[in-house]
Amino acid sequence: MSQMSTEPDGIRPSLTRREDIPDEQWNDWRWHMRKRITNLDKAREWIRPTLLEERAIAETAGKYRWSVTPYYASLMDPYDPGCPVRQQAVPALGELLEFSGAEVDPVGDMYYRKTNRVVHKYPDRVIMLITEACPVYCRHCTRKFHTTDVDGTYFERSEGEDFSEDLRYIAGHPEIRDVLLTGGDPLSYRDGKLEEIIAGLRAIPSVEIIRIGSRFPVLLPQRITPDLCAMLARYHPVWLNTHFNHPKEITPEAERAVDRLLRHGIPVGNQTVLLRGINDEVDTMRRLMTELLRIRVRPYYLYHCDNVTGVSHFMTSIEKGWEIMEGLQGHITGFGVPQYVLTTRLGKIPIARPYHRETPDGLALRNYRGEEMLVDDSVCPLTESAAAHGFRHAPDVTENRTTATGEGAR
Ligand SMILES: *Cc1c(COP(=O)(O)O)cnc(C)c1O
Ligand code: SF4
């Protein structure tokens, strides 16, 4: 094979490869944090930036933070700016374009914020924005203003103070049984500080489950250490949701991190964002979902990309989302199919197209191949009164059911 086809510019210093880095460093998440790529020169160790990327890096500097872990950089195609990993991590000029309807907080996190960190939007659960920091600043971040904008933040004060006011709010609202730690990335904290927060939550009797939203399994899976998992396991029930967007991100390192979490009893779910040019193809999404199942991660949500300032260029259409969902449903197992939602001020709204419609003759059902059938009231009663009507003609059945229920209740 010709070297020239993969290394078009032999004059420049050669690119770094995973193999060039000793395991001791590669497996140490702190090494990756110290070696994060934050400027063009460092980026050149991993990729050959295009002129457009160079311009974007220069023009977004001072406006949006930029940081990429060497681990995540190693997944980028060094020569292809269209690489799905690269597009998530390298600034693009699209971030500076003004889109109509774009907002810094379209889902109202700031509006529903009750303390510095607690966002209380649903009756029984809250999110706690415990930090602004992330190992990689994903270009498509839905909280771009909070995490990535140099001058932006959802916080009133700077982070890193004590959490007593936030914990007091949660303790004072016993209807909150589910707390989701998010940010930024909660695992940006060292284990000790994280444990302090989690222990504080565990001390509140009304808090039943603690959830963590973290992209570390994707951006720096080495962060998922035995010590971290052992600490989390002391505060069960703890759940973790991560954020894989493309099958390329499912690496042996990521698989090991997920395995470690699962062995510590932490169920791992995944939220994917539908992103133009990155994962907006049925084949890609199908591979992503089946690969997630292979590493025992349960697909949870597929988010439609919100019209967030600096992110709008990644937006697709609902039509595209439907196409993707219809390419998943029925083609792979039901638990590999995420729920397609639009995040709004009113909450996350399921927007997948239904597989049934009501007709005067009953329910019209369609399968994943588009084949339709009608189930009338005698087969599948639509309403409670239709169901009761059916039983009137079969008194024996009604009696048997009553008896059976009575016995079962004992
Ligand atoms: C997403 C979100 C939650 C959690 O939603 P689930 O559907 O339970 O995963 C809670 N609060 C806010 C404000 C959210 O945005
Ligand atoms: S890790 Fe999550 S919170 Fe942080 S920049 Fe990426 S998407 Fe945003």
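Glycine residues also receive a Cβ, built from the backbone N, Cα and C atoms like all the rest.
Just so you know, TrEMBL annotations never went through curation; they're auto-generated.
Between the listed ranges 151-170, 391-410, TrEMBL ties the annotation region 'Disordered' to 391-410. Of all the Cβ atoms in the protein chains shown, 16 others lie within 10 Å of the Cβ of Lys348 (N6-(pyridoxal phosphate)lysine). Listed in chain order, the residues near the [4Fe-4S] cluster site other than Cys134, Cys138, Cys141 are Val136, Tyr137, Arg139, His140, Arg143, Lys144, Thr147, Thr148, Asp185, Arg215, each with its Cβ within 8 Å of the site Cβ centroid. Within the same chain, the residues at least 6 positions away from Cys134 ([4Fe-4S] cluster binding site) whose Cβ sits under 8 Å from its Cβ are Ser67, Cys141, Thr147, Gly183, Gly184, Asp185, Ser188, Arg215, Leu219, listed in sequence order. On the backbone, the CA of Lys348 (N6-(pyridoxal phosphate)lysine) and the CA of Cys138 ([4Fe-4S] cluster binding site) stand 21 Å apart.
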